[in-house]
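To start, the structure itself, in structure tokens.
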Amino acid sequence: MGGFDYLQKGGTGFTLQVKKPQIRRVVQTRPAAPSPSANKATPRTVPSGPQKKTPETASRSVTGERGFSPSKRRLTPLRNRKRPTPEQRLSSDDDDDGSDTDTSLELRKRARTGESAEPDYGRRLRSLKAFSGDETRSLPIVHASEITSVQKPGKFKPAFENMNQTSEIFLQYPSATPKERYEAVVPRDDDEFKPLDDIVQVIETVTQAYIPEDELDEFNNESTGIKRRLRRALARGSEREFRESVKDYNVAIERLRRSGSIAKKLDATYRLSLPHVERILTQIYSRTVSPRVDSLRQYENGTDNVYGELLPRFISTIFKETGLKSNHVFVDLGSGVGNVVLQAALEIGCESWGCEMMQNACDLAELQQAEFKARCRLWGIAPGKTHLVRGDFLKEQSIIDVLKRADVVLINNQAFTPQLNNELINHFLDMKEGCQIVSLKSFVPVGHKIQSRNLNSPINLLTVKQRQYWSNSVSWTDVGGSYFIATKDSSRLKAFSESLA
């Protein structure tokens, strides 16, 4: 199952016949809380799902089940290391079986659910072209109906009894672009894409992020609001009521867009909420990576690479901790299928780079990048520029060059060999002052001091802060741990050198 597939499996799935929330519990065997040294091996299978709780307005499924946050992070491959059987974590924080040690329970309790990045008043969120009125041609997006009728035929069934001959439903997004095409079907297997649920979540997100306050009653009214009518239609299994609700939503969005209300709301917005970011990234992933996720499994099964993923809320926290802004440059070394690169470009609006050497992952990253550009236009968002590079990040000249002007560099080095870490350190010499390097293992040994005998070591240029990540931040464990933010700062080395003189 792919990284964003969990959102479809647990977080946003629904059954039309069920009229009350379902409680799902998946029991798994948990290892004892790892010691600091045990954190060195963090095996991971192909991209798997996020598990963060998000605000109800954006991520509550139509059956009341908890949503999982999308987006993920892949650990850059480690050579010659065996990979234990991976686990799929479907339980939420509430499903704690109490088998962890006191330490892990404490870390689990302290899970954070903060906002996304700080407001960036220098960023223009709205895509001017998306609201120009010239978007008469269809965007090159992968329509939801292509998943259900082309990519995975036979895996879906009619969503309603006695359906009309056509199963198509068209959904308007906040921009001037044409509608997205859906089919009124549900998956035979609960793991698969759920188009009706995607419709509901899009409407939730649009209501939260694009609708002016004085217009919200049409969407949020507990009796007659569009969102309430959608859920009532699903609970009753009424195709007619569902289609009417979507039609009324489309009309309302068109009216608000033409009046300029949506553009005005976006122009007064200076950050995207994390649920908003997650919804867009989940759509991209489900239309590009999920149908081809077996290619990642095949590649992994033939190698000794170890995978691990940093989940989207953790990534958002990193953006806040480093003060990443839209005028900055972000680089992800070992970018996998490109999720973090896309998240930085979308959530922050910055220039975002990634480098990956695994060919199957690179192929999927390029599919995601193409869908990302089109789908951001669909949502009316202007993202930062994205650059995905194939190859070894130690050798690719474009990466070597961009590292010299990078503001934030992410290196998921949890399972890197000492040799690879040492080779990376040499690249820090060329980074600019103030560049921040985020890693799961510190490049500076504990207790390191600048001395005459190590005066030429590149790590003398780094000032390191240790931070805690909380439960459901990484893919390989529910337990929290540490990460490090190293800032290039030559002042200490300069002061020491002057003291010798």
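The count begins at 1 with the first shown residue.
The backbone N, Cα and C atoms fix where each Cβ goes, glycine too.
The feature S-adenosyl-L-methionine binding site is assigned by Swiss-Prot to 307-310, 330-339, Glu356, 392-393. Summarising the annotation, Swiss-Prot assigns compositional bias 'Basic and acidic residues' to 105-121. The domain 'DOT1' annotation in Swiss-Prot covers 180-501. Residues annotated as region 'Disordered' in Swiss-Prot: 1-121.
Secondary structure at Ser335 (S-adenosyl-L-methionine binding site), taken from DSSP and collapsed to helix, strand or coil, is coil.
In this structure, the binding-site residues under consideration are Asp332, Asp392, and the one with the smallest number of other Cβ atoms within 10 Å of its Cβ is Asp392. Around the Cβ of Leu310 (S-adenosyl-L-methionine binding site), a 10 Å sphere holds 27 further Cβ atoms from the protein chains shown.
Averaged across the domain 'DOT1' (180-501), the predicted model reaches a pLDDT of 92. Around the Cβ of Gly338 (S-adenosyl-L-methionine binding site), the number of neighbouring Cβ atoms within 10 Å comes to 29.
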